[in-house]
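Participant: Take a look at what TrEMBL says about it:
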type	residues	note
DOMAIN	97-230	domain 'Nrap protein'
DOMAIN	236-376	domain 'Nrap protein'
DOMAIN	381-535	domain 'Nrap protein'
DOMAIN	557-735	domain 'Nrap protein'
DOMAIN	738-901	domain 'Nrap protein'
DOMAIN	904-1040	domain 'Nrap protein'
Amino acid sequence: MEVDAVSDSRIQKVNNLLKDIRIDHDSLSKPVDNLVSSIREAIDAIPDGFKVTSELAPSFVRDIGADKVEFSFKKPNGFSLCGSYSIRCMAKPDASVDLLVHLPKECFYEKDYMNHRYHAKRCLYLCVLKKHLLASSSVEKVEWSTLQNEARKPVLVVFPVKKVVNVPGFSIRIIPSATSLFDVAKLSMSRNNVRSVTADGVSQPTPTYNSSILEDMFLEENSELLKKTFSVWKELGDALILLKIWARQRSSIYVHDCLNGFLISVILSYLATHGKINKSLNALDIFRVTLDFIATSKLWERGLFFPPQSENPVSKEEKMQFKELFPVVICDPSTLVNLAFRMTSVGFHELRDEASSTLKCMKLRDGGFEEAFMTKIDYPVKYDHCIRLHLKGKTAVSTSGFCLDKEYWRTYEQKVHSLLVQGLGDRAKSVRVVWRNTNQDSYVESGLSVLDREPLFIGISISSIENAFRTVDIGPDAENKIEALKFRNFWGKKSELRRFKDGRIAESTVWGTQQWTRHLIMKQMVEYILKRHLSLSSDDIVQLVDQLDFSLIYGDKDPISTSGNLLEAFEVFSKLLRGIKGIPLKVSSVQPLDSALRYTSVFPPEPHPLACGKIDAGRLHKFVPSCIPTMEVMIQLEGSGNWPMDDLAIEKTKTAFLLQIAENLQTIKGITCTATEDNVDVFVRGYAFRLRILHERGLNLVKREIGADLVKHVSSTDKMLFIRSQHASMINGLHGRFPIYASVARLAKRWVSAHLFSGCLAEEAIELLVAHVFLTPLPLGVPSSRINGFLRFLRLLADYDWMFYPLIVDINNDFGRNDEKEINDNFMSSRKGYEEDKQNISSAMFLAAPYDKASEAWTSLSPNLSELKRLVAYARSSANVLSKLVLQENNDSVQWECLFRTPLNNYDAVVLLHRENIPYPHHLLFPSELNQAGKHVARGKASKSFNPFLLPGDLKRSPEELKKKLMVDFEPTKCFMSELQAKFGTLKPWYDHIGGDAIGLTWTKHNSKKRERDEEEVEINPIEMLKAVGEMGKGLVRDIYLLKSPRFL
């Protein structure tokens, strides 16, 4: 029953999608007829017999290496519509209609199939058409494009003056066809038709070149085949549109060396003619069968062959020849053309991988609709390591020209790919090299040399973090002379002969780096390989790997590099606690709660010289922090039946235990401890640990969770402690499974804080969001780089439907159907009041984890709907900026910094703080300044009673006096925030708890009754209120600006 419901829901979604995406054929038929009629009129008006020479496109003719290209112009033999429009399968946003122009045989000589003469004349013929089309009053403009990114095969794109309202971008693509132009025997795959293609003086076959001409010769026939197949089968057309949507969402396969709309329709036509699909299937079933065929069929190994038109079938030898020459074969009914001649083995591998991944998604409980059709899988989010090669004017073009059998750009792609595959070895799961270089409209007039303006893109999927972070690569043994020589020739001076622990002597390469920069090893390798073998400079190679690291670095290193010391100190502290004697109940377990102890803190504490056992005054530097942060540690005591039953009494008993523990550590072990009414802090090896006790009775009740009445008696303190301990334990485990997880979580926290969302999204909630990216990666793989993981976090925030779906984070993969039902019931309960009042919901962001199926722990109160809306908008904007930075040329560090610079003009008022009064000024990313100053309301002087660093005079004091100067867990900004929220109900503060020097304020309405609210709001004076804010933050507040007055005044 549940399966049927999912299936029905998916089919309904698919039908709605088809309705939205399909371009209505009937609404387009009149504009198409009108424009085709205008094109025919313009072309029919061209006089016959005038001489066409290379002067129309001299640079193009020269660059493709053609000669003898003059001809007398003759009108086309005819016109015919083809492509998606002709089979009623056009899908938005592509509103281009294909029109075949049948080239007249009289314009060509018998041997024009040789040495690119056909390609040159084809282009010159189009130049004549373009000139006369531009003179037509119905034509707005005519642009150059290419057929499948093949520079030597330009096409014309004609835009009408009269626009089609509901079909933006409507145009007609004029594609020349060359039916019966040449003797097909002269274009067999084994022949050489470009005389300069030789090896050691011996002519080599030119199968790609020959296929390029044969493609044009059989365009009409193959177009008719598709019309015949699709015209009588609506579901097949629907499936074609679904496959187009699927492929367009995947940048790595909808590209010149892999898939296009024509090839998709050819594959569907093949399946239909061979009985692999039948008319009982709906569009979604056909879609699934097609993906399964692409992903798993063994027919690809011998090639796909349509039933031949003639009675003579394709011989075994001919099939073998096709397979030897092309990695993928789809032979048309003429048995002469491989329709997939442009598809590379890398492109096909990528295609099968994507098809397989989508099929996995479709087996998910929700049917995988979102993953298959709605999720954008572009290069930045697919690849862990992205590289751009800027080759403008850098490519050393062979003396033979741009076009031989293959075009120069395709050869260069293959060269870069083979170099990186050889050099990276098992570090790379896959390497994708794509040079989209034919979007230059002027290339026909300017010549092919302008086509290197677009950067070449390289995407690398990392096989595993362990391989990627490896510092030594072991090559062939010294005895294997031939392989060792190859290794040395490839790596040059980087190769060195080494003896290893097992006694083996082998060639090797060593990539020296610090622990916290091991994610840059592959960057080193790629740069070395490309510079050595392609003679590129560092400026030509842009690797998108470490551009976000600035947000996590303090000074010249990442503070995470000291985490080893921190964990050692924690282990020492744990042993001390477990070994304490002389207290009524022994410490039975010690568990870290702080994010620094699970590697996800943006700035884990560094050892403080004044928090060590002995202070070496001589080693104190001039910048000794005056504050030290604390890290919470939870302990449990042995079981006992003597605990009091009252919550307050329990808390007092816990405090008594903590005081006893502190006294024991201080008197017996000589460890410094401090106690206040609320906390006990212990200083071990330069770190401050704050102790919390989880009460045994509370723990048992939380674990049992039987009956609401019993749970009500659990102390909220104990319940929260238990939840935090469960969270910490799970995140620790996650860090072990996914080594890059912690770095991505730190970037995510930095971004949330930098945009002043610290008060809206708890750091545990951020950790769960990032965990979801790693645990539920489909339709992608698990992220293996910082930038990739961070982009996926931003897109999750931006694209997830928070209002109608809970986000389930199944950390240990142990949720069953009952768990999911419970979570969904809890979620529906949180949305009960939505229909009556859209603001009346709890948990606007519903995060369900194994320890919290009701989303009570981190998001029950915030973000609320308005906060979430703002958070989503910022995430979408940042995701778009980050994607552009990966793909486009601009690599200025300022652009990358924009990801973490928040626009202060988006607030109603802004409070700027004195940087010298922030406890950790080195955590500040950028000093805040207003670009558009509003009304200046208040200015305050910095407090002289606090300094983030000990003054030179202080350092002369005795060690005991210095220790007293140390401020434990001092956070004036947080105190200021809580006071501000308590006193000013109409002000909503936005702040950065990591180290920001700006607070954004927005006006909010009271939730009181309307009459009371009206009475209060009349009395509000925004300027006076902001002055009161300044007075409250005296000594901390530097300036206050009013940008927008409240609307409800």
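The backbone N, Cα and C atoms fix where each Cβ goes, and this holds for glycine too.
Let's see these features in context: how buried, what's close, how far.
Facilitator: Mean per-residue pLDDT, taken over the domain 'Nrap protein' (97-230), amounts to 94.
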Participant: Under a criterion of three or more Cβ pairs within a distance under 8 Å and sequence separation of at least 6, are the domain 'Nrap protein' (381-535) and the domain 'Nrap protein' (738-901) in contact?
Facilitator: yes
Participant: Contact between the domain 'Nrap protein' (904-1040) and the domain 'Nrap protein' (236-376) is defined here as three or more C-beta pairs under 8 Å separated by at least 6 residues; is that satisfied?
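Facilitator: The domain 'Nrap protein' (904-1040) and the domain 'Nrap protein' (236-376): touching, no.
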Participant: For the domain 'Nrap protein' (236-376), what are the DSSP-based totals of helix, strand and coil residues?
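Facilitator: With helix first, then strand, then coil, the domain 'Nrap protein' (236-376) has 78 helix, 6 strand, 57 coil.
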Participant: Going by DSSP assignments with H, G and I as helix and E and B as strand, what are the residue counts for the domain 'Nrap protein' (904-1040)?
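Facilitator: Final tally across the stretch: 51 helix, 28 strand, 58 coil.
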Participant: Do you know the DSSP helix, strand and coil residue counts for the domain 'Nrap protein' (97-230)?
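Facilitator: Breakdown, helix to coil: 47 helix, 37 strand, 50 coil.
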